[in-house]
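According to TrEMBL, the protein carries these features:
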DOMAIN    38-121  domain 'Saposin B-type'
DOMAIN    146-227  domain 'Saposin B-type'
SIGNAL    1-22  signal peptide
Amino acid sequence: MAMLKIALLLAVCLEGCALASALQVDGVQSVPDDQRATGDVCQDCTKIIELLADMISNADLQKKMMDGIEHVCDLLPGPATTAKFCKDEVEKLLPVALNFIVGFVKPADVCNAIGLCGSGDEQEKMRSFLVKELLQLALTNENVQPTVTCPFCLLLIKTLEEMLPKDRTEDAVIKLLGEICHILPSKFRHQCEDIVGKFSKTVLDAIVSQATPQTICTLLHMCGGQEAPVVDPCTLATYRCRDMETAFKCGTVFYCQKFAWNRYNTL
């Protein structure tokens, strides 16, 4: 898989060079004023990433990228099965990676991550980490069941672990859980809140005790594992928010106040 990653990176770079050389000169002689270099490195970087994301969303370009990377697979040393395995992985993972780039990666996050847009804001730090982890998960999910929910849960837990202070406490976890879903793009927010809503006292204790993301997501019934998930009534929405005492026992007071009881108060 390490060789496949190198091949993917190399092929994308080569494809970018080929694409640049294939552009018609006549088509780029006149550059609109709003696309010229502004002298603001951050703004210029953002425009470049926006342009790249737009190009990557093009189906014809995606086909060229696929063909280019599969050609690199043919050049890999080893038996013929190596090239076939490489192509199978490319056909499975490249669309996932491209969809993440187009649908999730924000230009400002990329430019901030490479140091062209400076920001000390905590949310920017979270977003940069999310982008990095999403791309990594797209290429390293061999040991995880191929579902959308499981990788997203693993991403969420890994992000929490990255952002938590060295001395983990339940209060710190709850505080961060109340913030993390709101930094995601709107189309991911509901899925995030759905996972957060399943957090129980057992899950919070697992995070505080530094259990692995796979173990925590198994407790949440989001990922399959060899160990049977712990049966916890606090994972049931009808139970964990039925009253204040139960919510306190389940460690879901903040969730119930924000997502369950709040609805009743506004009726």
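The backbone N, Cα and C atoms fix where each Cβ goes, glycine too.
TrEMBL entries are annotated by machine, without manual review.
Helix, strand and coil content of the domain 'Saposin B-type' (146-227), in residues and according to DSSP, is 55 helix, 0 strand, 27 coil.
Across the domain 'Saposin B-type' (38-121), the prediction's mean pLDDT works out to 81.
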